[in-house]
Amino acid sequence: MALYSAAAAVLAGLERGEGGLKSLVYNSGFPHVRQLYALVSETLRYASVLEKLLDGAALLETEKKLPPQLAKVLVYDLLFGKGLKCGGRWKALARRHRARLEAELARMKVRHKVSRNEDLLAPEKAVSTAASQVPRYVRVNTLKTCVDDVIEFFKRQGYAYLGKAASVEELKALSGKKFMLDLHLPELLVFPSQTDLHDNLLYTSGHIILQDKASCLPAFLLGPVAGSHVIDACAAPGNKTSHLAAILKNKGQIFAFDVDPKRVATMNTLLTRAGVTGCQLVQQDFLTVDPRDRKYSRVTHILLDPSCSGSGMVTRGPGEEAAPSAERLQALAGFQRRVLSHALSFPALQRLVYSTCSLHQEENEDVMQAVLQEWGSAFRLVTAFPSWPCRGLAAFSGAESCLRASPAETLTHGFFVAVLERCREGAAAPSSLPAAAKENPQPGEGTEPGAAPKKRKKKKQRVK
(Lines of atoms letter the chains of each structure in order from A and count residues from 1; the text may use other names and numbers.)
(Lines give C-alpha, C1' and ligand atoms only; values in the text may rest on other atoms or scores of the structure.)
Protein backbone atom coordinates (compact mmCIF):
# COMPACT_ATOMS: atom_id res chain seq x y z
CA MET A 1 0.00 0.00 0.00
CA ALA A 2 2.98 2.32 0.58
CA LEU A 3 3.50 2.77 -3.18
CA TYR A 4 -0.06 3.97 -3.81
CA SER A 5 -0.11 6.22 -0.73
CA ALA A 6 3.17 7.80 -1.83
CA ALA A 7 1.89 8.27 -5.39
CA ALA A 8 -1.33 9.86 -4.12
CA ALA A 9 0.70 12.22 -1.92
CA VAL A 10 2.83 13.28 -4.90
CA LEU A 11 -0.31 13.95 -6.98
CA ALA A 12 -1.75 16.04 -4.15
CA GLY A 13 1.51 17.99 -3.87
CA LEU A 14 1.46 18.72 -7.60
CA GLU A 15 -2.13 19.97 -7.37
CA ARG A 16 -1.16 22.29 -4.50
CA GLY A 17 1.85 23.59 -6.43
CA GLU A 18 4.34 22.39 -3.83
CA GLY A 19 6.98 21.46 -6.40
CA GLY A 20 7.75 19.64 -9.61
CA LEU A 21 7.29 15.94 -10.20
CA LYS A 22 10.93 14.96 -9.71
CA SER A 23 11.42 16.97 -6.53
CA LEU A 24 8.21 15.63 -4.95
CA VAL A 25 9.15 12.06 -5.81
CA TYR A 26 12.67 12.42 -4.40
CA ASN A 27 11.34 14.10 -1.27
CA SER A 28 8.61 11.52 -0.71
CA GLY A 29 10.76 9.18 1.37
CA PHE A 30 9.60 6.22 -0.73
CA PRO A 31 12.63 3.95 -1.24
CA HIS A 32 12.00 2.97 -4.88
CA VAL A 33 11.93 6.38 -6.56
CA ARG A 34 11.92 5.08 -10.15
CA GLN A 35 8.91 2.86 -9.48
CA LEU A 36 7.09 5.78 -7.85
CA TYR A 37 8.06 8.18 -10.65
CA ALA A 38 6.79 5.76 -13.30
CA LEU A 39 3.43 5.22 -11.55
CA VAL A 40 2.80 8.94 -11.01
CA SER A 41 3.89 9.82 -14.55
CA GLU A 42 1.56 7.27 -16.12
CA THR A 43 -1.32 8.25 -13.83
CA LEU A 44 -0.84 11.86 -14.91
CA ARG A 45 -0.69 10.85 -18.55
CA TYR A 46 -4.08 9.14 -18.20
CA ALA A 47 -5.49 11.80 -15.83
CA SER A 48 -8.32 13.00 -18.10
CA VAL A 49 -9.35 9.42 -18.90
CA LEU A 50 -9.25 8.45 -15.22
CA GLU A 51 -11.40 11.42 -14.22
CA LYS A 52 -14.06 10.43 -16.77
CA LEU A 53 -13.95 6.83 -15.55
CA LEU A 54 -14.36 7.88 -11.92
CA ASP A 55 -17.28 10.14 -12.84
CA GLY A 56 -18.94 7.55 -15.08
CA ALA A 57 -18.62 4.80 -12.48
CA ALA A 58 -19.58 7.21 -9.65
CA LEU A 59 -16.74 5.71 -7.61
CA LEU A 60 -16.01 8.78 -5.48
CA GLU A 61 -19.70 9.28 -4.78
CA THR A 62 -20.04 5.68 -3.66
CA GLU A 63 -16.80 5.57 -1.66
CA LYS A 64 -16.76 8.95 0.07
CA LYS A 65 -13.68 8.14 2.19
CA LEU A 66 -11.53 7.36 -0.85
CA PRO A 67 -9.28 10.36 -1.66
CA PRO A 68 -9.48 11.28 -5.37
CA GLN A 69 -5.69 11.11 -5.86
CA LEU A 70 -5.57 7.62 -4.37
CA ALA A 71 -8.54 6.62 -6.53
CA LYS A 72 -6.66 7.68 -9.66
CA VAL A 73 -3.51 5.66 -8.95
CA LEU A 74 -5.54 2.61 -7.92
CA VAL A 75 -7.73 2.72 -11.02
CA TYR A 76 -4.72 3.37 -13.26
CA ASP A 77 -2.89 0.25 -12.04
CA LEU A 78 -6.11 -1.78 -12.01
CA LEU A 79 -7.07 -1.03 -15.62
CA PHE A 80 -3.96 0.26 -17.41
CA GLY A 81 -0.98 -0.93 -15.37
CA LYS A 82 0.18 -4.33 -14.16
CA GLY A 83 -2.64 -4.90 -11.71
CA LEU A 84 -2.90 -3.88 -8.08
CA LYS A 85 0.13 -4.84 -6.00
CA CYS A 86 -1.07 -3.69 -2.59
CA GLY A 87 -3.19 -5.49 0.00
CA GLY A 88 -5.72 -4.27 2.47
CA ARG A 89 -9.04 -2.55 2.21
CA TRP A 90 -8.21 -0.22 -0.70
CA LYS A 91 -7.31 -3.17 -2.93
CA ALA A 92 -10.54 -4.90 -1.99
CA LEU A 93 -12.47 -1.69 -2.60
CA ALA A 94 -11.01 -1.18 -6.07
CA ARG A 95 -11.67 -4.77 -7.06
CA ARG A 96 -15.23 -4.52 -5.79
CA HIS A 97 -15.83 -1.80 -8.40
CA ARG A 98 -13.77 -3.42 -11.16
CA ALA A 99 -16.69 -4.63 -13.27
CA ARG A 100 -18.32 -1.20 -13.25
CA LEU A 101 -15.02 0.52 -14.12
CA GLU A 102 -14.29 -1.91 -16.95
CA ALA A 103 -17.79 -1.40 -18.34
CA GLU A 104 -17.32 2.37 -18.28
CA LEU A 105 -13.95 2.01 -20.03
CA ALA A 106 -15.56 -0.12 -22.73
CA ARG A 107 -18.28 2.52 -23.24
CA MET A 108 -15.61 5.23 -23.59
CA LYS A 109 -13.86 3.25 -26.32
CA VAL A 110 -17.11 2.74 -28.19
CA ARG A 111 -17.93 6.48 -27.98
CA HIS A 112 -14.48 7.44 -29.27
CA LYS A 113 -14.43 4.61 -31.85
CA VAL A 114 -11.09 3.25 -30.66
CA SER A 115 -9.89 -0.19 -29.58
CA ARG A 116 -6.71 0.59 -27.61
CA ASN A 117 -6.42 2.34 -24.25
CA GLU A 118 -3.77 4.74 -25.57
CA ASP A 119 -6.11 5.88 -28.33
CA LEU A 120 -8.20 7.57 -25.61
CA LEU A 121 -5.37 9.99 -24.87
CA ALA A 122 -5.12 13.44 -26.38
CA PRO A 123 -2.69 13.41 -29.33
CA GLU A 124 -0.11 15.49 -27.46
CA LYS A 125 -0.10 13.00 -24.59
CA ALA A 126 0.02 9.80 -26.62
CA VAL A 127 3.35 8.04 -26.58
CA SER A 128 4.86 7.68 -30.04
CA THR A 129 5.14 4.25 -31.60
CA ALA A 130 8.92 4.35 -31.34
CA ALA A 131 8.88 5.41 -27.69
CA SER A 132 6.41 2.70 -26.73
CA GLN A 133 8.80 0.08 -28.12
CA VAL A 134 11.65 0.95 -25.74
CA PRO A 135 12.31 -2.33 -23.92
CA ARG A 136 13.04 -2.99 -20.27
CA TYR A 137 16.80 -2.96 -19.83
CA VAL A 138 18.38 -4.81 -16.90
CA ARG A 139 22.02 -4.21 -15.99
CA VAL A 140 23.61 -7.12 -14.16
CA ASN A 141 25.37 -5.83 -11.05
CA THR A 142 28.73 -7.60 -11.25
CA LEU A 143 29.56 -6.54 -7.70
CA LYS A 144 27.11 -9.21 -6.52
CA THR A 145 26.64 -11.71 -9.34
CA CYS A 146 27.42 -12.42 -13.00
CA VAL A 147 25.49 -12.55 -16.26
CA ASP A 148 25.35 -16.36 -16.44
CA ASP A 149 23.85 -16.68 -12.96
CA VAL A 150 21.23 -14.03 -13.62
CA ILE A 151 20.22 -15.70 -16.87
CA GLU A 152 19.83 -19.02 -15.07
CA PHE A 153 17.77 -17.39 -12.33
CA PHE A 154 15.31 -15.92 -14.83
CA LYS A 155 15.10 -19.23 -16.68
CA ARG A 156 14.11 -20.91 -13.41
CA GLN A 157 11.38 -18.28 -13.08
CA GLY A 158 9.89 -19.34 -16.41
CA TYR A 159 11.54 -16.83 -18.74
CA ALA A 160 12.88 -18.02 -22.10
CA TYR A 161 16.43 -16.87 -22.91
CA LEU A 162 16.94 -16.27 -26.64
CA GLY A 163 20.69 -15.61 -26.58
CA LYS A 164 22.53 -12.51 -27.70
CA ALA A 165 20.65 -10.10 -29.97
CA ALA A 166 22.11 -9.57 -33.42
CA SER A 167 20.06 -6.48 -34.27
CA VAL A 168 17.72 -3.84 -32.89
CA GLU A 169 14.91 -5.53 -34.83
CA GLU A 170 15.28 -8.64 -32.66
CA LEU A 171 14.85 -6.51 -29.53
CA LYS A 172 11.72 -4.93 -31.02
CA ALA A 173 10.23 -8.38 -31.51
CA LEU A 174 10.56 -9.43 -27.84
CA SER A 175 7.27 -10.36 -26.21
CA GLY A 176 5.86 -12.30 -23.30
CA LYS A 177 8.42 -13.86 -20.94
CA LYS A 178 11.35 -13.79 -23.36
CA PHE A 179 14.65 -11.97 -22.94
CA MET A 180 18.01 -11.52 -24.66
CA LEU A 181 21.55 -10.30 -24.09
CA ASP A 182 22.02 -6.81 -25.55
CA LEU A 183 23.90 -6.53 -28.83
CA HIS A 184 26.17 -3.71 -27.61
CA LEU A 185 26.69 -3.85 -23.84
CA PRO A 186 28.01 -7.11 -22.39
CA GLU A 187 26.24 -7.02 -19.01
CA LEU A 188 22.84 -5.77 -20.16
CA LEU A 189 19.78 -8.01 -20.50
CA VAL A 190 16.74 -6.92 -22.50
CA PHE A 191 13.10 -7.76 -21.73
CA PRO A 192 9.81 -6.68 -23.35
CA SER A 193 8.84 -3.11 -22.51
CA GLN A 194 6.00 -3.98 -20.13
CA THR A 195 8.09 -6.31 -17.96
CA ASP A 196 7.83 -5.19 -14.33
CA LEU A 197 10.74 -6.38 -12.17
CA HIS A 198 10.45 -3.95 -9.24
CA ASP A 199 9.29 -6.75 -6.94
CA ASN A 200 11.73 -9.33 -8.29
CA LEU A 201 14.19 -10.75 -5.77
CA LEU A 202 17.16 -9.87 -7.96
CA TYR A 203 16.12 -6.21 -8.00
CA THR A 204 15.25 -5.89 -4.32
CA SER A 205 18.56 -7.55 -3.36
CA GLY A 206 20.64 -5.33 -5.65
CA HIS A 207 21.78 -8.09 -8.01
CA ILE A 208 20.27 -6.26 -10.99
CA ILE A 209 19.80 -2.56 -11.74
CA LEU A 210 16.85 -1.34 -13.84
CA GLN A 211 18.61 1.21 -16.04
CA ASP A 212 17.97 2.38 -19.60
CA LYS A 213 20.62 1.30 -22.08
CA ALA A 214 21.56 4.87 -23.01
CA SER A 215 22.11 5.67 -19.35
CA CYS A 216 24.62 2.79 -19.18
CA LEU A 217 26.81 4.29 -21.90
CA PRO A 218 28.55 7.06 -19.89
CA ALA A 219 30.16 4.83 -17.24
CA PHE A 220 30.92 2.13 -19.82
CA LEU A 221 32.70 4.59 -22.09
CA LEU A 222 34.53 6.26 -19.20
CA GLY A 223 35.88 2.80 -18.30
CA PRO A 224 38.24 3.61 -15.41
CA VAL A 225 40.72 0.85 -14.51
CA ALA A 226 40.45 -0.77 -11.09
CA GLY A 227 42.17 1.40 -8.51
CA SER A 228 41.36 4.70 -10.25
CA HIS A 229 40.05 7.79 -8.48
CA VAL A 230 36.82 8.92 -10.16
CA ILE A 231 34.36 11.79 -9.74
CA ASP A 232 30.66 11.44 -10.51
CA ALA A 233 29.90 15.16 -10.60
CA CYS A 234 26.07 15.13 -10.64
CA ALA A 235 25.47 11.68 -9.25
CA ALA A 236 21.90 11.23 -7.93
CA PRO A 237 20.03 8.93 -8.05
CA GLY A 238 23.17 6.78 -8.29
CA ASN A 239 22.71 4.23 -11.08
CA LYS A 240 25.72 5.53 -13.00
CA THR A 241 27.70 5.63 -9.75
CA SER A 242 26.94 1.98 -9.04
CA HIS A 243 27.94 1.16 -12.63
CA LEU A 244 31.28 2.92 -12.10
CA ALA A 245 31.83 0.93 -8.91
CA ALA A 246 31.16 -2.31 -10.79
CA ILE A 247 33.66 -1.35 -13.52
CA LEU A 248 36.20 -0.52 -10.79
CA LYS A 249 35.36 -3.81 -9.02
CA ASN A 250 35.07 -1.71 -5.84
CA LYS A 251 38.81 -1.03 -6.09
CA GLY A 252 39.68 2.64 -6.10
CA GLN A 253 37.76 5.72 -4.97
CA ILE A 254 34.60 7.39 -6.23
CA PHE A 255 33.56 10.89 -5.15
CA ALA A 256 29.83 11.29 -5.86
CA PHE A 257 28.38 14.81 -5.62
CA ASP A 258 24.83 16.10 -5.29
CA VAL A 259 23.65 19.30 -3.66
CA ASP A 260 20.26 18.01 -2.42
CA PRO A 261 20.32 16.15 0.94
CA LYS A 262 17.31 13.98 0.15
CA ARG A 263 18.75 12.91 -3.19
CA VAL A 264 22.00 12.04 -1.42
CA ALA A 265 20.03 9.92 1.07
CA THR A 266 18.25 8.15 -1.80
CA MET A 267 21.59 7.56 -3.50
CA ASN A 268 23.06 6.13 -0.32
CA THR A 269 20.21 3.60 -0.12
CA LEU A 270 20.69 2.54 -3.75
CA LEU A 271 24.47 2.20 -3.47
CA THR A 272 24.25 0.23 -0.23
CA ARG A 273 21.79 -2.20 -1.82
CA ALA A 274 24.13 -2.57 -4.80
CA GLY A 275 27.09 -3.48 -2.57
CA VAL A 276 29.13 -0.39 -3.48
CA THR A 277 32.16 0.39 -1.31
CA GLY A 278 34.93 2.91 -1.77
CA CYS A 279 32.45 5.66 -2.65
CA GLN A 280 32.35 8.95 -0.77
CA LEU A 281 29.00 10.74 -1.04
CA VAL A 282 29.41 14.52 -0.90
CA GLN A 283 26.45 16.85 -0.40
CA GLN A 284 27.92 19.79 -2.29
CA ASP A 285 27.45 21.74 -5.50
CA PHE A 286 30.18 20.40 -7.79
CA LEU A 287 30.88 23.93 -9.04
CA THR A 288 32.06 24.86 -5.53
CA VAL A 289 34.58 21.99 -5.33
CA ASP A 290 38.22 23.11 -5.38
CA PRO A 291 40.05 21.14 -8.10
CA ARG A 292 43.33 21.83 -6.26
CA ASP A 293 42.14 20.15 -3.06
CA ARG A 294 44.65 17.40 -2.24
CA LYS A 295 41.92 14.80 -1.79
CA TYR A 296 41.17 15.08 -5.53
CA SER A 297 44.82 15.11 -6.65
CA ARG A 298 44.56 11.55 -8.01
CA VAL A 299 41.25 11.98 -9.86
CA THR A 300 41.89 10.79 -13.42
CA HIS A 301 38.32 10.17 -14.61
CA ILE A 302 35.18 12.30 -14.35
CA LEU A 303 31.63 11.42 -15.32
CA LEU A 304 29.56 14.56 -15.88
CA ASP A 305 25.82 14.19 -16.44
CA PRO A 306 24.56 17.70 -15.57
CA SER A 307 21.03 19.04 -15.22
CA CYS A 308 19.40 19.38 -18.62
CA SER A 309 16.01 19.86 -20.26
CA GLY A 310 15.32 16.11 -20.13
CA SER A 311 13.82 16.35 -23.61
CA GLY A 312 15.03 12.86 -24.49
CA MET A 313 13.10 11.08 -21.75
CA VAL A 314 10.31 8.87 -23.06
CA THR A 315 8.05 9.37 -20.02
CA ARG A 316 7.53 12.97 -19.01
CA GLY A 317 5.50 14.56 -16.28
CA PRO A 318 3.82 17.95 -15.80
CA GLY A 319 6.21 20.82 -15.22
CA GLU A 320 8.88 19.15 -17.36
CA GLU A 321 9.23 21.07 -20.58
CA ALA A 322 8.75 19.02 -23.74
CA ALA A 323 9.81 22.08 -25.75
CA PRO A 324 11.74 24.45 -23.45
CA SER A 325 11.96 28.09 -24.44
CA ALA A 326 15.05 29.52 -26.09
CA GLU A 327 15.80 31.42 -22.87
CA ARG A 328 15.56 28.23 -20.82
CA LEU A 329 17.86 26.37 -23.21
CA GLN A 330 20.43 29.16 -23.11
CA ALA A 331 20.36 29.18 -19.31
CA LEU A 332 20.87 25.42 -19.19
CA ALA A 333 23.63 25.54 -21.78
CA GLY A 334 25.41 28.28 -19.84
CA PHE A 335 25.38 26.14 -16.69
CA GLN A 336 26.53 23.09 -18.64
CA ARG A 337 29.47 24.97 -20.15
CA ARG A 338 30.54 26.24 -16.72
CA VAL A 339 30.36 22.83 -15.06
CA LEU A 340 32.15 21.10 -17.94
CA SER A 341 34.95 23.65 -17.95
CA HIS A 342 35.22 23.32 -14.16
CA ALA A 343 35.53 19.54 -14.47
CA LEU A 344 38.34 19.87 -17.00
CA SER A 345 40.33 21.97 -14.52
CA PHE A 346 41.14 19.00 -12.25
CA PRO A 347 44.91 18.69 -12.66
CA ALA A 348 45.25 14.90 -12.90
CA LEU A 349 42.22 14.40 -15.17
CA GLN A 350 42.88 12.12 -18.16
CA ARG A 351 39.40 11.23 -19.45
CA LEU A 352 35.94 12.76 -19.06
CA VAL A 353 32.52 11.68 -20.31
CA TYR A 354 29.87 14.36 -20.79
CA SER A 355 26.29 13.17 -21.21
CA THR A 356 22.75 14.55 -21.20
CA CYS A 357 19.27 13.13 -21.70
CA SER A 358 18.54 16.06 -24.01
CA LEU A 359 17.85 16.16 -27.74
CA HIS A 360 18.78 19.84 -28.15
CA GLN A 361 21.97 20.85 -29.95
CA GLU A 362 22.33 23.81 -27.58
CA GLU A 363 22.93 21.46 -24.63
CA ASN A 364 25.08 18.98 -26.52
CA GLU A 365 27.22 19.77 -29.57
CA ASP A 366 27.17 23.53 -28.90
CA VAL A 367 28.43 22.99 -25.34
CA MET A 368 31.21 20.74 -26.64
CA GLN A 369 32.27 23.22 -29.28
CA ALA A 370 32.38 26.16 -26.86
CA VAL A 371 34.38 24.34 -24.18
CA LEU A 372 36.85 22.81 -26.65
CA GLN A 373 37.50 26.29 -28.05
CA GLU A 374 38.01 27.59 -24.52
CA TRP A 375 40.55 24.90 -23.66
CA GLY A 376 42.41 24.99 -26.95
CA SER A 377 44.64 21.96 -27.50
CA ALA A 378 44.53 20.71 -23.89
CA PHE A 379 41.71 18.22 -24.57
CA ARG A 380 40.36 16.45 -27.63
CA LEU A 381 37.22 14.56 -28.57
CA VAL A 382 37.76 10.90 -29.34
CA THR A 383 35.35 8.71 -31.27
CA ALA A 384 33.01 7.04 -28.82
CA PHE A 385 31.73 3.60 -29.81
CA PRO A 386 32.55 3.57 -33.57
CA SER A 387 29.88 0.96 -34.36
CA TRP A 388 27.09 2.97 -32.68
CA PRO A 389 24.62 3.96 -35.42
CA CYS A 390 23.73 7.52 -34.34
CA ARG A 391 26.45 10.19 -34.31
CA GLY A 392 26.52 13.80 -33.17
CA LEU A 393 24.95 16.50 -35.30
CA ALA A 394 27.34 18.13 -37.76
CA ALA A 395 27.47 21.34 -35.73
CA PHE A 396 31.28 21.59 -35.81
CA SER A 397 34.30 19.63 -37.01
CA GLY A 398 34.62 16.53 -34.86
CA ALA A 399 31.00 16.37 -33.72
CA GLU A 400 30.69 12.98 -35.43
CA SER A 401 32.93 11.63 -32.65
CA CYS A 402 30.01 12.10 -30.26
CA LEU A 403 27.08 9.72 -30.17
CA ARG A 404 23.35 10.15 -29.84
CA ALA A 405 20.59 7.74 -28.88
CA SER A 406 16.86 7.80 -29.57
CA PRO A 407 13.76 5.59 -29.25
CA ALA A 408 13.39 5.30 -33.03
CA GLU A 409 16.96 4.36 -33.93
CA THR A 410 18.50 2.73 -30.85
CA LEU A 411 15.41 1.69 -28.81
CA THR A 412 16.49 3.83 -25.86
CA HIS A 413 15.70 7.15 -24.28
CA GLY A 414 17.09 10.15 -26.13
CA PHE A 415 20.69 10.71 -25.05
CA PHE A 416 23.96 12.43 -25.98
CA VAL A 417 27.46 11.27 -25.01
CA ALA A 418 30.86 12.80 -25.71
CA VAL A 419 34.27 11.55 -24.54
CA LEU A 420 37.16 13.94 -23.93
CA GLU A 421 40.78 12.98 -23.28
CA ARG A 422 43.72 15.12 -22.25
CA CYS A 423 46.17 15.60 -25.07
CA ARG A 424 49.63 14.27 -24.39
CA GLU A 425 52.43 16.17 -26.07
CA GLY A 426 53.66 14.23 -29.10
CA ALA A 427 51.02 11.52 -28.70
CA ALA A 428 49.01 10.42 -31.73
CA ALA A 429 45.29 11.01 -31.52
CA PRO A 430 43.40 7.82 -30.64
CA SER A 431 41.13 6.59 -33.39
CA SER A 432 38.28 5.38 -31.26
CA LEU A 433 36.82 4.53 -27.87
CA PRO A 434 36.20 2.72 -25.68
CA ALA A 435 39.91 2.51 -25.04
CA ALA A 436 38.65 1.40 -21.63
CA ALA A 437 37.83 -1.99 -23.12
CA LYS A 438 41.57 -2.56 -23.45
CA GLU A 439 42.52 -1.11 -20.05
CA ASN A 440 39.64 -2.49 -18.02
CA PRO A 441 38.48 -5.74 -19.64
CA GLN A 442 34.77 -6.40 -19.68
CA PRO A 443 33.06 -9.68 -20.63
CA GLY A 444 34.16 -10.27 -24.21
CA GLU A 445 37.61 -8.77 -23.56
CA GLY A 446 39.65 -7.94 -26.64
CA THR A 447 36.68 -7.13 -28.85
CA GLU A 448 34.64 -4.07 -29.63
CA PRO A 449 31.52 -3.66 -27.44
CA GLY A 450 28.81 -5.91 -28.72
CA ALA A 451 30.96 -9.01 -28.97
CA ALA A 452 29.82 -12.08 -27.09
CA PRO A 453 30.91 -12.08 -23.44
CA LYS A 454 33.26 -14.77 -22.27
CA LYS A 455 32.30 -16.89 -19.30
CA ARG A 456 33.92 -15.85 -16.09
CA LYS A 457 36.10 -18.30 -14.28
CA LYS A 458 35.00 -17.19 -10.86
CA LYS A 459 31.33 -16.67 -10.08
CA LYS A 460 29.94 -14.27 -7.54
CA GLN A 461 27.06 -14.91 -5.16
CA ARG A 462 24.53 -17.29 -6.68
CA VAL A 463 20.91 -16.27 -6.20
CA LYS A 464 18.75 -19.25 -5.45
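Counting starts with 1 at the first residue shown.
For all residues, glycine too, the Cβ spot is worked out from N, Cα and C.
Note: TrEMBL annotation is automatic and uncurated.
What TrEMBL says about this one:
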COILED    91-118  coiled coil
DOMAIN    126-423  domain 'SAM-dependent MTase RsmB/NOP-type'
BINDING   Cys234, Ala235, Ala236, Pro237, Gly238, Asn239, Lys240, Asp258, Asp285, Asp305  S-adenosyl-L-methionine binding site
ACT_SITE  Cys357  active site, nucleophile
REGION    430-464  region 'Disordered'
COMPBIAS  453-464  compositional bias 'Basic residues'
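For Gly238 (S-adenosyl-L-methionine binding site), the Cβ neighbour count at a 10 Å cut-off comes to 28, with all displayed protein chains included. Averaged over the coiled coil (91-118), the predicted model reaches a pLDDT of 84. For the pair Lys240 (S-adenosyl-L-methionine binding site) and Cys357 (active site, nucleophile), the C-alpha distance works out to 13 angstrom. The Cβ of Asp285 (S-adenosyl-L-methionine binding site) lies under 8 Å from the Cβ of Phe257, Val259, each of these being in the same chain and 6 or more residues away along the sequence. Rounded to the nearest whole angstrom, the C-alpha distance between Gly238 (S-adenosyl-L-methionine binding site) and the residue listed as 'active site, nucleophile' is 15. Using a 10 Å Cβ-Cβ cutoff, Ala236 (S-adenosyl-L-methionine binding site) registers 24 neighbours.
The full span of the recorded S-adenosyl-L-methionine binding residues, Cys234, Ala235, Ala236, Pro237, Gly238, Asn239, Lys240, Asp258, Asp285, Asp305, taken as their largest Cα to Cα distance, is 19 Å. The Cβ of Cys357 (active site, nucleophile) lies under 8 Å from the Cβ of Ala214, Ser215, Cys308, Gly310, Ser311, Gly312, Met313, His413, Gly414, Phe415, each on the same chain and at least six residues away in sequence.
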